[in-house]
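Engineer: The structure that follows is given in the form of structure tokens.
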Amino acid sequence: SPLHMEPGNDTKKLEFILLGLSEEPELQPLIFGLFLSMYLITVCGNLLIILATISDSHLHTPMYFFLSNLSFADICFTSTTVPKMLVNIQTQSKVITYAGCITQMFFYILFIVLEGFLLTVMAYDRYVAICHPLHYTIIMNSQFCVLLVLGSWITCVLQSLLQNSMVLQLSFCPHTQIPHFFCEFIQVLHLACSDTFINDIVIYFAAVLLGSATLTGILYSYCKIVSSIRKISSAQGKYKAFSTCASHLSVVSLFYCSFQGVYLSAVDNQNSHSSAAASVMYIVVTPMLNPFIYSLRNKDIKRALRRLIGKETSIE
């Protein structure tokens, strides 16, 4: 019988079973090792970007302020799902409590939407830098930058609260299995014993509204950037202008393509491990690659990292 999530009822007893990426016992140590190392690289890489940005006064610019926020979001996003998965493999338990599942969904939605918002803000920053270079410092003043990030956070928290409060109205059957390594929002929704029609509408509306708003912002910024770059006469000038956008464009493509791929595959096949494996791409791989993409081509970040590491070794 379904457990109804009404205030009077006890939801503490409700548990979900996370089936993980694979149910093969011999693959578990390999999955554990792989995810642990990817998680550590993600946290260390993004932490280094944040520390480099804070410690080097040359990097106290809007572009790096947004980048350090993205790095922070990346750490939080991966930390929402991977540690619980590692604990489950280590303890050989697949259980997640109802409260744990709701918490995981809240932060998952918050940080995935925040990534989209931050990437849009960064695209706007590049647009102002390339299309309005003389007014850049006036437009992108520190107050405006803080407002952009704060606005992104507030919108994402409200959106996540709305989605989660609607899930709290649903009833679930006890010991429901989730064919994933974390409480993926849509899959949890489809396991509800009650009608999810309104939830589906709200999710669809929010995805279209927020997803298309961020993507439109990014595409508009880049259309303007491309037309601006084409007007630059020297090849060196064109290259310099484009190289400031190249790493951001790589991160945007990686994030949106992998995310899109997962949700298209999830629509096709609801109860398979394939969408779980595909979601590793944007949950673990993208946040892990972001620091590398930004630091490998970037002289300023390389210099700041060298100074940071140099300082640490000199202290030792």
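Glycine too: its Cβ is placed from the backbone N, Cα and C atoms.
Automatic, uncurated: that is what TrEMBL annotation is.
So TrEMBL lists these for the protein:
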DOMAIN    45-294  domain 'G-protein coupled receptors family 1 profile'
TRANSMEM  30-52  transmembrane segment
TRANSMEM  64-83  transmembrane segment
TRANSMEM  95-124  transmembrane segment
TRANSMEM  144-162  transmembrane segment
TRANSMEM  201-220  transmembrane segment
TRANSMEM  241-264  transmembrane segment
TRANSMEM  276-296  transmembrane segment
Engineer: Thinking of Cβ pairs under 8 Å, which stretch from 64-83, 144-162, 201-220 has the most of them with the transmembrane segment (276-296)?
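Structural biologist: Stretch with maximum Cβ contacts: 64-83.
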Engineer: Could you check whether the transmembrane segment (95-124) packs against the transmembrane segment (30-52) - three or more CB pairs closer than 8 Å, residues at least 6 apart in sequence?
Structural biologist: no
Engineer: I need to check the long-range neighbours of the transmembrane segment (64-83): which residues 6 or more away from its ends have a CB within less than 8 Å of a CB in the stretch?
Structural biologist: 35, 38-39, 42-43, 46-47, 49-50, 53-54, 104, 107-108, 111-112, 114-115, 118-119, 121-122, 125, 145, 148-149, 181-182, 251, 283-284, 286-288, 290-291, 294, 300-301
Engineer: Between 30-52, 144-162, 241-264, who has the most Cβ pairs under 8 Å to the transmembrane segment (201-220)?
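Structural biologist: Stretch with maximum Cβ contacts: 144-162.
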Engineer: Against which stretches of its own chain does the transmembrane segment (144-162) lie, if we need a Cβ under 8 Å and a gap of at least six residues from its ends?
Structural biologist: 62, 65-66, 69, 106-107, 109-111, 113-114, 117-118, 121, 124, 202, 206, 210
